[in-house]
Amino acid sequence: AGRCGPAPRRRSVPSILRELAEKRQLSEEIVSLLQAQFSDLPRELHSWRQMADYSPEMRQFACLLHLYHIKAYDYLRKILPLPHPYSLTNWLSSNEAAAGFSSDIFLRLQEKVERGDQACRCCAVLVQDVSLQKQQEWDPRSKRLSGFADLGAGILDADEAPLASEAIVLMAVGISSPWTAPLGYFLVNSTSGPFLAQLLRQAIHKLNSVGVVVLAVTSGASARGAETARALGIRIDPKRIRCTFQHPPGSAHSIAYFFDVPHALLLIRNALQCFQKVEWLGDTMWWQHVVELAALGEQKVLEPCSAESGKAGSKGSYHLKVNLATLLFSKGVAEALEHLQKLGLASFQSCSGTAKFVRLMSSLCDVFYGRGPYGKEPLLAGNYTKISNLFDEARSCFVNLTDSVGRYIIKSKRKLGFLSLLLNAESLKWLCSNHTCLKGTPSQHLHTYAFSLDPLEQFLRALQQACGSSGSPTCAVFQAAYHKLLASCSLAPGSPPSSGNASPWDVSLSQRRALTLGSIRAQYHPAPGRPLAPEYPYSAGLLLPSSALSNALTDLSLYAQSLTCTAGWVAEQLALDLQCEPCLASLFEADESRLRCRSVLYIKKLGGVSLPSASVHHITSISEQVLNQYGKVGSANNNTKLWHLCLEQKVFQELLGESPLFPTLTKHLFEGELSINNHYTVLVKEITRCYLNVRTHPTQHLNLKYPCGRHELKTLKGKHLFPSPLGSCQSSLTHTWS
C-alpha cells in the first residue's frame, strides 16, 4: 500500500503573512503590526468570501496592506476576495476633516463639474509632508486614544502600533484657473516612495471618478520625492528622461511629473556653494562673485566728477546699496554683477560667466513661474518655440557642467537639483504639446505655479497659524486646525483657505527666503541688526513724551530733520527682513542721477541714515500728526493694543483720498490673495505700525540719554536699534514649519 504524504497545511491569513515575510515580500515590522492590530480578524480563508460583509477591521486591513505593499496585496488577492485597489478609495475617505480623503471636498468638485465649470476640468495634484510631535492623547469626544497612525480607514491603536510622526497632505490645484482644494491628509509613522506613489494613485482615481482630469503631479525635490517618482515609473536620467507615467497603469492616459522649483533651486544653490567654481562650454561661474555681491551691503563709492560740474580733477561720492531681498537666480543679480563690473570694482572684473549662468537660471524661473516674456500662455506657438530653445540651452549647460577638476556635476552627488529642472522642462514641453484638455481653455492660459508646491505651502502656513504654535503640532492640534481651515475652504479661484492672520508677505516662502542675497550675506557675515550711526540727528522734542510746550520750543527745521531721520530709520528696519525686491526699493529715496539697476540702489544719506522715499516720509508724517492729536505719548491708559489699533485706523483714514503712494508699486495692487491684502496695502500698514511703535515705546528701541536745556545729539548705549522680540516694530515676515 502506498504511503500518503503529509497532509497539506491549512492556510490561514497569519500563515500567509508569515510566508510573505519569509520571502521578504513584506517587512517583519508590517507583519507584526498587522498581527497585533488585527488579531481578531477571521483566520480562516472561507470567512473572507463575502466582501459585502467585510467588517471595519477587514477593510482597514486591506487598505493598510495595499498602501504599504502593493505586491503583497496583489498576491493576497489571488487567495482572498480582496477588492480591486481602486475600490479601496471609498474606504480611505472620511467626513468632518478626519484623516483620509475629504468626502465633502470631492462632492463639491463633482458638483462644479456637473454644472459645467470648465476651470475644474483639469488639475495638478501636490503632495507634501508635515512633521508632527509624537504624543498619545485622550480624545474625550470619541472616547479613544489618539496620536496613532491613521490612513482614513481607522486609527491603528494597538499596543504595538507606532505613534504618528508625519501628516501627508494632498491638494488639487487648477491649471487653467487658480483654484485650490485640500484633498485630505494621512497620519503616518514613516513613509516611503512606493507608499506615496500608491497614495497619489488613489487620489488621482478619486478625482477621475468625480470628473476631474489630473494632468500633473508635484512633489518636493528630495530623496523621497525622487523615490516616489521612480515608483510611479518616472526615469530621471539626462540621457533617457521619462517625464510621464500612466494611470491606470497600462492605460493610454499619461500624467506629467514635476519637482518643486524652489526646492530644486535650493539644491542648485547648495551645489554651487559646495563646488565654488563650475565650468561649461568655455564659461566659468564663480560662487565668490555672489558672496561679494551679497557682502557689499552699503558702500560709499568715489568717482571722478564730470567736466560739466566745473570741478575737473575732484571726486564726487555716492552711496551704493545692494537690495538684499533680490533672489539669487534673478535678472536683477545678473544686471548687478555686470553693473559693478562696469564701475570697475576689482571683485567683479571676471564675472561675465557668473552673470551668464544667473541669467539662464532666471529665464528658467520665469518660465516655471509664468512671468516675464513668457507670461501665462506657453501654449502659443511663438512662446513655445522660445521656451523650447531656452530648455535646450539649459540642458546643454547642465550636462556639460564640471567642477574644478573636470568631473561632471550631473553625475555627482549634487545632481538632483539640475536633474529636477531638466525633468520639469521635459514635463512642461510634453504638457504643452500633447494635452488637448489644456488647448481648449480660454486664451490657452497655463498657471505654471500649479506645478510648484507654493499653493500647498501657503495652505500649510495658514494651518500653522491655526495651530497657534511655530513648532510641530500634535495629531490632535493638527486635526483641529485642519478642520477649522476646511470649514473656510471655498474652492473659488484666488481664494485659498486662510486662518485669517497668515503672514501677508506671500513671497517669503521658506525656500525662496533661503535663495535671497540676504540669506547668503547672513551665512558669511552674520549680524543681528544695524548699529546706530553716532551722528544720528534726533531731536529731543520728537522722542521725548509729546507736549505742546516741548513741540513749541523745538526748532522747526530740527523737528523736520528728526522726522525725516526717523522715517529713514523705519525704512532701514523694514528692509532688514523684507523679502520683496520692488517693495524694498520703494522704501528709499533713489539718486535719480544714477543709472537704475534692479539689485543695486543708489540712495541719498542724511547724517548717516538713508533718506526715506517720499511715500514713507508722508506716511510717518501723517502718523506723527495723528499721534499728537489723539493721545499723549507714554500714558499708561494709552499703551494698549486697542489704542494702537485706533491710532492705525486714524492714520489710514487720513491717508484715504490723498495722492497715491509708492508710484512704482502699482502692479502690487492686483497681486496677492486679495486686493485688500497685497504688498502695497501691507507695506503701508507695516510702516505705520513700526513708526507708532517706536514713537510710543522709544526706550524699548533706543537706550538713550536725554540732554537737558538744549538740543544735542543723543548717544546710544545698546549696539542695535531694533531687537526682534514679539511686539517690536520688526515683523515676522516668514513662517517655517519643520
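Positions of Cβ are set from backbone N, Cα and C atoms, glycine also.
Annotations in TrEMBL come from automatic prediction, not curation.
According to TrEMBL, the protein carries these features:
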{"type": "DOMAIN", "residues": "19-91", "note": "domain 'THAP9-like helix-turn-helix'"}
{"type": "DOMAIN", "residues": "99-233", "note": "domain 'Transposable element P transposase-like RNase H'"}
{"type": "DOMAIN", "residues": "263-377", "note": "domain 'Transposable element P transposase-like GTP-binding insertion'"}
{"type": "DOMAIN", "residues": "449-483", "note": "domain 'Transposable element P transposase-like RNase H C-terminal'"}
{"type": "DOMAIN", "residues": "547-709", "note": "domain 'DNA transposase THAP9 C-terminal'"}
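Across the domain 'THAP9-like helix-turn-helix' (19-91), DSSP assigns 49 helix, 1 strand, 23 coil. Note: the domain 'Transposable element P transposase-like RNase H' (99-233) comprises 42 helix, 48 strand, 45 coil (DSSP; helix = H, G, I, strand = E, B). Helix, strand and coil residue tallies for the domain 'Transposable element P transposase-like RNase H C-terminal' (449-483), in that order: 26 helix, 0 strand, 9 coil [DSSP].
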